[in-house]
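> Just dropping this structure here.
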Ligand code: PMP
């Protein structure tokens, strides 16, 4: 068997222990004589999977009792519509524009109400996270939307903005479960699964209960948070296998010592890479130091046309998918929870060798 270090931004690496457990359980799940993919979503065995997944997520993230956990489909992109359709009672919301995904969220929200861009780093190619303070927010805004980790640009909010009584909505697709956060500071947290949770096709929504039940009249049933909340995410057939895989990933995080332990590991991995980039005059990080993501780390080789060669030789060395996003160029290493420390060490060694050979 050959396993590579996969630095893809998503879908991305899953822990090998999780894949192996899924493999063992695949043809005959808990003596049912069938795989999880073949189980009815109303069966007792699947009920144990979905409630088990929710319980583990609540435990890992310390989710308060007045929040619901929903397992839905449509990706994070569908949340770009669900959020305004459910929350825009006054018809306006504040958005912070920190990159391509924030822009897509704003574009969608504009269909349903007024979008106020209260801060943006677009003029500087999204290389930093704008500073926010309370008086920037419109007191009548239905919510404030942020993208906590900008997958393409490699920036992240290092602190949660205080929005007072205005619900804070966060797209946490690329950094959920990577570091400790205080869920009570958020109205809604949503994330596509395909980075830190499991396979693509599942979206996790963590929502404060008072934000459920206010959907606009035109909101389709499937996009109403209430539909999923009152049915325990079983209004229709949920992405059963994705939920099963998420449960295995949550168990894996718990065994590693929970989010506290995974955060330490993530910080170590990120500093290995950032420290090496800082020590080298060959590579450069395009991102402001106080805004750097520990999940997605872009880097460039200024002045030399070597990106294609870097990506090709890295692939030959078992380091996959290091090409930067087409909108940014250069390279990007996505080092989500499942990337082992050894994978980042292997990348740094390769970068040193490449630097020596091409300087
Ligand atoms: N938001 C962020 C921050 C993302 O990184 C992505 C996907 N890479 C999305 C939204 C879109 O997610 P999906 O493909 O699940 O719709």
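Cβ atoms are placed via backbone N, Cα and C, with glycine included.
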> Using only what TrEMBL says about pyridoxal 5'-phosphate binding by 76, 77, 151, 171, 194, 236, 237, identify which of 101, 252 is listed for that site too.
101
> What is the average pLDDT across the domain 'Aminotransferase class V' (4-347)?
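It averages 97.
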> Under 6 Å from ligand 1 by Cβ, which binding-site residues from 77, 101, 151, 171, 237?
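So the answer is 77, 101, 151, 171.
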> Which residues of the same chain, at least 6 positions away in sequence, have a Cβ lying under 8 Å from the Cβ of residue 171 (pyridoxal 5'-phosphate binding site)?
76, 79, 101, 102, 105, 145, 146, 147, 148, 190, 191
> Radius 10 Å, atoms counted are CB only; among the binding-site residues 77, 151, 237, which position scores highest?
151
> Within 10 Å of each Cβ, count the other Cβ atoms, then let me know which of the binding-site residues 194, 236 comes out lowest.
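Comparing Cβ neighbours within 10 Å for the binding-site residues 194, 236, 236 has the fewest.
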